[in-house]
Amino acid sequence: MNKYPLLSLINSPDDLRLLSKDKLPQLCQELRSYLLESVSQSSGHLASGLGTVELTVALHYVFKTPFDQLLWDVGHQAYPHKILTGRRDKMSTIRQKGGLHPFPWREESEFDVLSVGHSSTSISAGLGIAIAAQKENLGRKTICVIGDGAITAGMAFEALNHAGSVHTDMLVILNDNEMSISENVGALNNHLARLLSGSIYSTLRESGKKILSGLPPIKEFVKKTEEHVKGFVSPVGTLFEQLGFNYIGPIDGHNIHELISTLKNMQSLSGPQFLHIKTKKGKGYAPAEKDPIGFHGVPKFDHKLGELPKSSTTPTYSQIFGSWLCEIAAQDEKLIGITPAMREGSGMVEFSQQFPQQYFDVAIAEQHAVTFAAGLAIAGYKPVVAIYSTFLQRAYDQLIHDVAIQNLPVLFAIDRAGIVGADGQTHQGAFDLSFMRCIPNLVIMTPSNENECRQMLYTGYKCGKPAAVRYPRGNAIGVKLEPLAELPLGKSKLIRQGKNIAILNFGTLLSEATKVAEDLDATVVDMRFVKPLDTQRIQEIAQTHSLIVTLEENAIQGGAGSAVAETLYQQQQKVSLLQLGLPDNFIPQGTQKEMLAELKLNAEGIFEQIKQFLQKI
């Protein structure tokens, strides 16, 4: 820590507040350098945190955290917060098994007020916390930091609308790092922001409204004057003013002294306050500034070279999906690809470039994405919604009400199904089979490799009804890709004929199941479809085997194994059943390999669980 003389002194925000203001620029420089060094050695989210260094320092310098409640939306930008709140020396463990959580996490620190991972939750939770503080007359401040992407979600505006109407003391800070809302940043804006956030202006404004409320012509003049003054700062402020907030900004989010002055002024204001700051994602590290998307989440890399390591030669499942999408779009101009702000992650970059008229990024709006797709389907188009398993949870009503009830041909390409690895509890794709399986009209497919994935996507595209294909994060296994052909709905595939024990596999754990089957001389069936289920195959297996093992990378409760159990009960089959899958708890972070081993879903673990079960029967 010799390279970081000031940062090494900061073990809590109390230490930070002992520094004089003139030391803060140096601290910010050290914090940014330390963040870059630590993340490059451990992997993690980089560009967002580089952009919030000054904001983080200013917030902890001005407010009495943890007494004052600081909430971070999503949490990608909270690494500097972790460093300043006693976790500096553990940053090398972030996102690793047993290490620091990748996002703010209540169980990890008293400074983490809200556990997060999904976007747009901070203002709703913050309002609840602020109202509780108001009821208890604690004098506690509530501050919510939200990005310009997250604030576009409907939930954020629902919360803003509510907060403005109840007029509770709280501060919402918009971290605008993509120039997507306003470009009005400069000395004049910073000066006016200090003026408008000051107590003199606030008092004059409120007093003037009361004094002149009975004089319509003068009242209107005061209102117009206020609007014109604010118009110098940012036209977008009108929107937040209409929602009931006192809007300040935009100001330079990398000017630590301007931030502190403005925050101190706003600290004394009552009612809902809104501060708009402009930052640069990847600030201070040229490669990240140039490519903030590429450096958003990074593996281990040499930050001195500034180059990220090249990925495996085997394509990812996301890339397999993206190439399939391009292949079909070239043949069918009515195919429409939809993503809720996950173009890169879902493998849709090439598609968006080759077929811009058939591509829609609807921003962080999962509910809208699904109902938008329903509308396209009604109009005769063939929408494909590319969405992570964990984010499909946010559009469950739309999946039922707007797609399934109307039996509309919408295809859901569900990425990151099963164990996702380092992002932990909030991002595991553990529940989609369970929450989809009970929905009428929906076809659900679980590919075991990339060729099966392509065939199932094509089957879903052609079947003329709601369909879902769920596939995991990471690289495919390298099988040969065959020409596209529709699969018969609800029909499984025999992989290996054995005796006594049958493993019914759902998804990409098939290779592990096959290894186990060799040792046990077990039958292996790739079930392919969770719905409709191949009940005929299950009946045949039950009549010729003494033990059926179901295998899936989904919660056991309500999952594919439960579907098999229900079928066996309905058929009144007398056969033992062992359901293997994800247990009834939230799965923490770790690599996919580590977590599958811990959950005993690798070959060794599956073998062990079967052997233990056999001893009981």
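Heads up, the Cβ atoms here are built off N, Cα and C, so glycines get one too.
Marked as thiamine diphosphate binding site by Swiss-Prot: His76, Gly117, His118, Ser119, Gly149, Ala150, Asn177, Tyr285, Glu366. The secondary structure of His76 (thiamine diphosphate binding site), as reduced to three states from DSSP, is helical.
The Mg(2+) binding site feature in Swiss-Prot is assigned to Asp148, Asn177; the stated evidence is sequence analysis. The secondary structure of Asp148 (Mg(2+) binding site), as reduced to three states from DSSP, is coil rather than helix or strand.
Across the binding-site residues listed here (His76, Asp148), the residue whose Cβ sits among the most other Cβ atoms within 10 Å is His76. Counting every protein chain shown, the Cβ of His118 (thiamine diphosphate binding site) has 20 other Cβ atoms within 10 Å.
The two recorded residues His76 (thiamine diphosphate binding site) and Asp148 (Mg(2+) binding site) have their Cα atoms spaced 13 Å from each other. Per the record's binding annotation for thiamine diphosphate, residues His76, Gly117, His118, Ser119, Gly149, Ala150, Asn177, Tyr285, Glu366 show a top Cα-Cα distance of 32 Å. The two recorded residues, Asp148 (Mg(2+) binding site) and Asn177 (thiamine diphosphate binding site), show a Cα separation of 7 Å.
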